[in-house]
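Here's the structure we're looking at; comments come further down.
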Amino acid sequence: MSTPYAKLPAWADYGLIPVINLFVAFAVAGLVVLLVGESPVQAATLLIKGAFGSGAGIGYTLYYATSFIFTGLAVAVAFHCGLFNIGGEGQAYVGGLGVAIVCLSFDSVFPWWVNFPLAILGSAAIGAFWAMIPAILQAKRGSHIVITTIMFNFIAASLMVYLLVGPLKPANSMAPQTRTFAQDAWLPKLGWVLELFGASIRSTPLNLSFVLALVMAVVVWVLIWRTKLGYEIRTYGFSPKAAKYAGVGEARIIVVTMMLSGALAGMMALNPVMGDQHRLQLDFVTGAGFVGIAVALMGRSHPAGIVPAAILFGMLYQGGAEISFVMPNISRDMIVIIQGLVILFAGALEHMFRPSLQAALASLSPKSMGMNATKREGA
Amino acid sequence: MDTLVQLLDAMVRVSVPLLLACLAGLYSERSGVFDIGLEGKMLAGAFAGAAAAAASGSAWIGLSAAILVAVFLALVHGFASITHRGNQIVSGVAINFIAAGSTIILGQAWFRQGGRTPSLAGDARFQTIELPGAAAVRDVPVLGPIYSEIISGHSILVYFAFFMVPFTWWALFRTRFGLRLRAVGENPAAVDTAGISVTWLRYRAVIITGILTGVAGAYLSVAQNAGFVKDMTAGKGFIALAALIFAKWKPVPAMFACLLFGFLEASSIRFQGMDWPLVGRVPVQLINALPFVLTVILLAGFIGRAVPPKAGGVAYVKER
């Protein structure tokens, strides 16, 4: 998205500003920790120890990160087109339906390496479908995509509750979930990779979908920066008018981008449903769709930023659980605050430190700010 | 008849937080500041209200605390989206998360009841008010139950909410402030040219939004319920947003939209699992989803067209 502000040197724009914003977000989070009467330094130590101190900890950290890579990429793809897809939560939720349909139908028919690609297709297709409706409504009827995707989150939640307490529930069970899939619909765990590095773990939820997430990060990079479609998406995001004059079909680009975004969000369901719980449960997304917004903002919508940002949030999720054992006042809900602060400082207030940073840089080396001559042109 | 009266009575009660939040959003969005953080401000207000009422034993102190906290969050939104021209949607999302997380963390740290606040009784809650003559006319057919059950017997915040509807209409369409507020949401450059500060006008609108969401939150935790429960707004801020669009950013239609959505909610509780003639059992999830489905259909322009304020969502950059 274009900014009304002057340009900074690239290293400041992509390195310094995100670091400052993150630092402020975590400093405010530290204040909250102080407010509930605990030591922020001790909390941070516990957090890092919980997330990376043991093989099992690393396994959980990367397991959570897997979900966030998918949803972060989903939000980022839409950002490049100037669209705010706030419906990742709902798209991931219905994506679980795609995984469950494939797994319940074929779990005793095919081996896992056939079921896996089928489930990828299933989750991506349903996720894309769920994003397609708001996209078409935006492209053809002009309804605001943010509002429609929020509404679709709620509709998805109602739909899934209906399906899980009704048609999808086995007749002899009370719990709102599907039956457990047979072993042939379980994704292989990646615990052995961690053991190669000398960690010893009994069980880890980390599974093959982590590799898929990394592959998708590369795919998104290629798509956005190395293909014609990606160029059109970025052009439309930068200036819809310019894209239109250049012959980019407005409706087509909106719908295609949102479907890609929805597909990525839908694939997030593979990780918990096929990789760990082996059944479809109520609320299995647990906010991962929303974390994607923070991850995409923090990673500046670039896969190379999104993967570390997702791992950072995975660390917060896993480490947060560890903190709550020692400090009962701090539960995992702390993450929700940090997530909000990151969205606030890295997103809405991203320009806050820019003017002062600019002034500081200009006073240090006036020459490097020579590009300021064109400052007011775009604004 | 009794069922209907009870249903309508419940409708009034559940539509009040929607109405307050909806009017709150109306001021902000009419001034050109989109606000999807209504939910978060309401939640934070509900928590602050219940916590202060529990600590002080006074519902009015609770209400003041709720308003203070909600106004503070509204100012954060204003600071990000007016002063620093940040993305208004992103800022609203951030506020929702900050409110959702901090109410749970602080609630657990202060009260140790799993995110609840201690339950309120006596003066710490807003009590219901019997309107004069309610008991006398109870037996009059039709009008009696309507007056004594549906109109009378609510807390003061309910009357405040319904009073705000004509007041908002008057403020928006009959005062100089209202004219300027609407103008700044449609064409801020024109307002600026007339020598009126766009920034200050928008800040005032955002502060009003904070006050009303604070009242909505206090209603939830100090009047309708006896204390704060984790995540007690449960999407009401978004339903209010839906109602605002449904009402095309106008106060009186906003009231009817909120009553309609309140009616849906009340009847989904009331008729859960009931068998209807012809259609059989309607899944409760369908009724819960109905406000959202209706809003999507409306936004798509299939039932009239909802056109938002023209300058909504766009930060104003003053020419130099």
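Every residue gets a Cβ built from N, Cα and C, even glycine.
Feature annotation from TrEMBL assigns transmembrane segment to A:15-36, A:43-62, A:68-86, A:93-113, A:119-137, A:144-165, A:206-225, A:253-274, A:280-299, A:306-328, A:334-353.
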Quiz item: Looking at the transmembrane segment (A:93-113) and the transmembrane segment (A:68-86), are there 3+ C-beta pairs under 8 A, with each pair at least 6 apart in sequence?
Solution: no
Quiz item: Are the transmembrane segment (A:280-299) and the transmembrane segment (A:206-225) close, by which I mean at least 3 Cβ pairs under 8 Å that are 6+ residues apart in sequence?
Solution: no
Self-check item: Among A:68-86, A:119-137, A:306-328, A:334-353, stretch most in contact with the transmembrane segment (A:253-274) (C-beta, under 8 angstroms)
Solution: A:119-137
Quiz prompt | Candidate ranges A:68-86, A:144-165, A:206-225, A:306-328, A:334-353 - greatest C-beta contact count to the transmembrane segment (A:119-137) (under 8 angstroms) | solution = A:144-165
Quiz prompt | Result, the transmembrane segment (A:206-225) in contact with the transmembrane segment (A:144-165) (3+ CB pairs under 8 Å) | solution = no
Quiz item: Taking residues 6+ outside the transmembrane segment (A:306-328), which of them lie with a CB under 8 Å of any CB in it?
Solution: 38, 42-43, 46-52, 57, 60-66, 68-69, 72-73, 76, 214, 217, 291, 294-296, 298-299, 334-335, 338-339
Quiz item: Apart from its near flanks, which chain residues at least 6 from the ends of the transmembrane segment (A:68-86) lie with a Cβ under 8 angstroms of it?
Solution: 1, 92, 131, 138, 145-146, 149-150, 153, 213-214, 216-217, 220, 223-224, 230, 233-234, 236-238, 240, 253-254, 257-258, 260-265, 267-268, 271, 288-293, 295-296, 299, 301-303, 306-307, 309-310, 313-314
Self-check item: Surrounding residues of the transmembrane segment (A:206-225) on its own chain - C-beta under 8 Å, 6+ positions past either end
Solution: 59-60, 62-63, 65-66, 69-70, 73, 76-77, 80, 116, 120, 187-191, 194, 233-234, 260, 264, 267, 270-271, 274-276, 302-304, 306-307
